[in-house]
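Structure first, commentary second.
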There are 2 protein chains.
Amino acid sequence: MALLDTSKYAQGFGLGGVNPDLASERQTASFSVERLTTVLDGGAEHTRVRRAVVEAIERDPVFSRENQYFQTQNERYEAAVRKAVHLQKKMHEMGWREDGPEFIYIYRALAGDVAFLLHRVFMRSISVLGSDEQVAKWIPLATKHQLIGSYAQTELGHGTYLQGLETTAVFDTTTQEFILNTPKISAMKWWPGDMGRSATHTVVFAQLYVHGKCYGVHPFIVQMRSLRDHSLCPGITAGDIGPKMNFEHIDNGYLMLQNVRIPRENMLNKFCEVQPDGTYIRRGSQKINYFTMTTLRVSLLSDEVILPLMKACTIAIRYSAVRRQSKLNPGEEEAKILDYQTQQEKLLPQLAAAYAFHFINNYLHKLFDRGYKEIQERNFSSLPELHASSSGFKAMLSQYCTAGVEICLRACGGHGYSLLSGLPSLYTKILASCIYEGENTILLLQTARFLIKCFAAASAGQPVPQSVTYLAAVKPGKCPAKNKLDFLNPDIYVEAYQHIAIRLLSSTAAKLQDLIQSGVKKHEAWNQCTVQLVQAAKAHCHYITVKNFVETVEKLENKAGIQKIMKHLCDLYALHGIFSNAGLFLHDGYISGAQMDMITASYLDLLGVIRKDAVPLVDAFDFTDKSLNSALGSYDGNVYQRLYEWAQKSPTNQQISPAYEKYLRPLLHNKLSKL
Amino acid sequence: MALLDTSKYAQGFGLGGVNPDLASERQTASFSVERLTTVLDGGAEHTRVRRAVVEAIERDPVFSRENQYFQTQNERYEAAVRKAVHLQKKMHEMGWREDGPEFIYIYRALAGDVAFLLHRVFMRSISVLGSDEQVAKWIPLATKHQLIGSYAQTELGHGTYLQGLETTAVFDTTTQEFILNTPKISAMKWWPGDMGRSATHTVVFAQLYVHGKCYGVHPFIVQMRSLRDHSLCPGITAGDIGPKMNFEHIDNGYLMLQNVRIPRENMLNKFCEVQPDGTYIRRGSQKINYFTMTTLRVSLLSDEVILPLMKACTIAIRYSAVRRQSKLNPGEEEAKILDYQTQQEKLLPQLAAAYAFHFINNYLHKLFDRGYKEIQERNFSSLPELHASSSGFKAMLSQYCTAGVEICLRACGGHGYSLLSGLPSLYTKILASCIYEGENTILLLQTARFLIKCFAAASAGQPVPQSVTYLAAVKPGKCPAKNKLDFLNPDIYVEAYQHIAIRLLSSTAAKLQDLIQSGVKKHEAWNQCTVQLVQAAKAHCHYITVKNFVETVEKLENKAGIQKIMKHLCDLYALHGIFSNAGLFLHDGYISGAQMDMITASYLDLLGVIRKDAVPLVDAFDFTDKSLNSALGSYDGNVYQRLYEWAQKSPTNQQISPAYEKYLRPLLHNKLSKL
């Protein structure tokens, strides 16, 4: 019962060495953390570049996120603009180029708190959809930041269904202008980033009308604000849509157009054009447009979906090795909460999933690189597979990772609920990934539509894309496993996942067929099957993820220590999936109840095995303390000291609240007594 | 393509009548909404009182929540204090008494944004743990607000495990004082509400030492701040713990004690006392203390857990009847999203659960009223059952309702993510209910411990509490259902839930036994079974909830229309639970795969049936627009107009951002061009 050294309080507890509870976790690692980091980065050179970028960004005080948790929406916006402007300077200073190896790490290092991301989408859409003249005019201006661009597609009443957009662009042959209008409130552009307060220009998607005829949705470049004083241009009403769960640093905006006239040349016209006399001409295929959206979905997975889960795992697992609570055995000291089976069961499957998703992300990038090469050679045959993959995996990963971050947050008890843990902001941000770039349910149904087609083709003996050839392999059968160790055999569990994916798809295809044959209209029949179609699409993605994890582990044969722990994680990922979706596997008896007990036993055993390496496994993600920005998750594990130090910086501790003078003092003084 | 009436824009769109899409939903209700509201309130008189309270609170501008989504943490705290002080005046003015019928509705009407809730816990703990003299001294002071109390139990390093608290109170016989200290940083009090900036006094829980001997944790009244000027008392360090996911209106605080001396009389001494010479005396049973915590868990369910789910359902279902997206059938207008099966499958099970939980809350209150009467007659025999029930249901309901609110949020797409939808704040607030008043996993394990004991007793033919007598009824068997309609028979599904609860408990009890018999230590064996014990505890609570819903529906026999729709909801709640936990039911073959297909078919059919009454079913919750505080969920369904009006009030639209002058103007003007 030694009394506290009060001088240490005054000094803020001096965050000295590493907490011994955390240090001991690192001494027993079964593998080299540095080597695993290199594997995750894809080679030592990548690791070097990444660390150099992170260091340069974090050393620069302009990019500091120190006060982020205390800032208002206005303050966060201002900081994001400051960072965006400074970033241009920084890139120049460091010699980082947009096509250089450093580029992919810059936004990761900034952890997203930077403005003008839509400026990049503005540029991309002009590059893809604009004619050579339009590209020549606008891209240099945008590159030099002589304007700030945004991208105005979504409307207050219209999201995913683009054909439903209501904004109009009417061609006026007399003036050679398009007249843009927001015909009703639901047509107001709503949500576009960088539009509420920053953008001077935007690409507006509107229904094109020429001589009273509607030609569907087209993109138009519209100036919103004066380049001289930033005032709104005539006919433009615009502003910020207000507070959100996160993304306070982004000025998501609204835009209303009232008889806004733009020259004929401002319609992006690579693929279609309105000639001076109003003749409408369509050129080439618009399929490639979808490819832009498709790649966007895949490119966001790493930084916006998988990394947040890795960060949440790092914070929660380090904290769980420091936090002690209750006793596992009477007479002993309080146990680390990571030693409780229930805590392991919350966190370790998330850790395994983070690795699984890192590897499936690599797989998707390879698939897309190959597809992109084919497309450049004018071979568009892989587009359906690429679209289905990007949709399904974006939905599955964002949904799983969002749930995973929430589990990590809750597993940290009360302290996880404090913004200072870093977990609430990870959660509120990743949650948006379930909605943006395609709502997840709609995306899964697009994947399902592709699978249903492929299943029909495969059943008819027609060729199907490589990732779905397994659909032809319908074989009922039973799982051959005899004991719990058999379930650590990847052949056994990959086969089980494959079986379930086929079963769900074939049974739903049959239901669909039955409904149609019984007279239900095709669209209505589809709607009646959608709950099951979503299940089938998820099962397909789950199967591919497990299979890819297994194949990745096989390729690590020259790295024995790492291969061994990755094999454990792969097993855990696979068995956790079966344990958590037991009904799918038991349904037709492919897995029996007795086998499910074996799976459960193996799964629970694995928790104990991986628990030993849990801290090194999150260390290998190689996050700096600054990038985690968490009082609970720092490398040194001095969680309580950091919580106390950080709390003192809160604005709630910077002044006596006016509430005292206004309300508390009158209340107490009215009836002041001596106690 | 009619152009917008610009005068309407200027007038803010005049929120006129009810949106026709929403109005049409109400014309086809199969039951009387008003009558259902009365059933939910427990009688017409309750409805009248509730509405009167809500009206009085909402009419008073001091209680307005209009700007809540735009406020900083400091502003929300100030508003909460203002409301708390004003509430005293209001209650006096309205003649509302703490023991009157209005009281239970006041906090609901305020929607929680009020300070000094811990003042009530301070008073309650003195009433329960204090001697008659202590009650006589402190309660009148607290009642008259001559002090503001808090409750300091949780420490930075210690939550649920009270024995682990590290704060010390050493008795000094020479001065007849206790000396309180925070011996290390993990012992700092952390999280207590009203403590960071408001409280003048608090009840501190500390390890009592007399003559060097530790007597365990005891409660002490400690003054923190001067009653004259609110400055911190000598030896006290205190402040606010900073930003959180929600509860910004509450000043959760920290407290460090350095040689703080308090008189001997300030230890709450109803059950134990330190006499002047240091003799320690313990009196009577402390069991009743647990009962206070136990009742707290049940009393928070209604306002903090079930109501938020009801509100989220109201918002999401009304919005889904207004929002149109894509086409269900080609050629038709865009469909209401509530007509998509996937949207129904997200929202309608949440609606059914909200009703199920409202009824189980009634059940728990009856159980506790009966238990409280017995305890007053010195019969403590029901304490274990009450403790197990409050723990298990608090955990199950808070977990389910948190997930349900998140589903509602995500089902509203991008607009759900805006704070103006009201859904983010419902989510971030209800999430805390999974952590406070006992972390859910720990609570479920306490329920499991009770069940394991009862199962052993029941198996041995000994008497067990009424709610667990079913554990004696072990009968393997198979589900007798032959077709999908059989699964609308409550006997069929109640029996299935009962079977699963027994199976999970008995198999886990067997595993526990096996481990112990194989030589594993008892505590370690327990830890190895905890994942399954949690499952078993949940299954028990799920069974009781379904059974109670069925019994509630049976009692509605004199209200045919309401009974019919409640029966549908009960069926949906039960079948959704089986569909979502299929593995548990298929595991031992109690339900076959073919039967699971029947369940799925019945479940999906029910979605279509309940969809027709979905809007009237949320209308019956009878929330005012002000209490929902949602741009998406108002009764009139004018969602887009309201989003636009509310967004304009955001501080982000109140001024030109300083970011323009500082960063944007220099950026754009450096290279100004004519476009």
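Cβ coordinates come from backbone N, Cα and C, glycine included.
If you look up TrEMBL, you'll see B:32-148 marked as domain 'Acyl-coenzyme A oxidase N-terminal'. Residues or ranges marked as FAD binding site by TrEMBL: B:THR154, B:GLY193. Feature annotation from TrEMBL assigns domain 'Acyl-CoA oxidase C-alpha1' to B:290-452. If you look up TrEMBL, you'll see B:GLU437 marked as active site, proton acceptor. Taken from TrEMBL, the feature domain 'Acyl-CoA oxidase C-terminal' applies to B:489-668.
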- request: Could you measure between B:THR154 (FAD binding site) and the residue listed as 'active site, proton acceptor' for me? Cα positions, answer in whole angstrom.
  value: 11
Statement: Chain A neighbours, taken from recorded positions B:THR154, B:GLY193, B:GLU437 with C-beta distance under 8 angstroms, are B:THR154
Field: Around the Cβ of the residue listed as 'active site, proton acceptor', the count of other Cβ atoms that are within 10 Å
entry: 21
Spatial separation of the residue listed as 'active site, proton acceptor' from B:GLY193 (FAD binding site) - C-alpha basis, Å: 13
Field: Other CB atoms within 10 A, centred on B:GLY193 (FAD binding site)
entry: 22
- prompt: Other than its own, how many Cβ atoms are within 10 Å of the Cβ belonging to B:THR154 (FAD binding site)?
  reply: 20
- prompt: With DSSP, how much of the domain 'Acyl-coenzyme A oxidase N-terminal' (B:32-148) is helix, how much strand and how much coil, in residues?
  reply: 86 helix, 0 strand, 31 coil
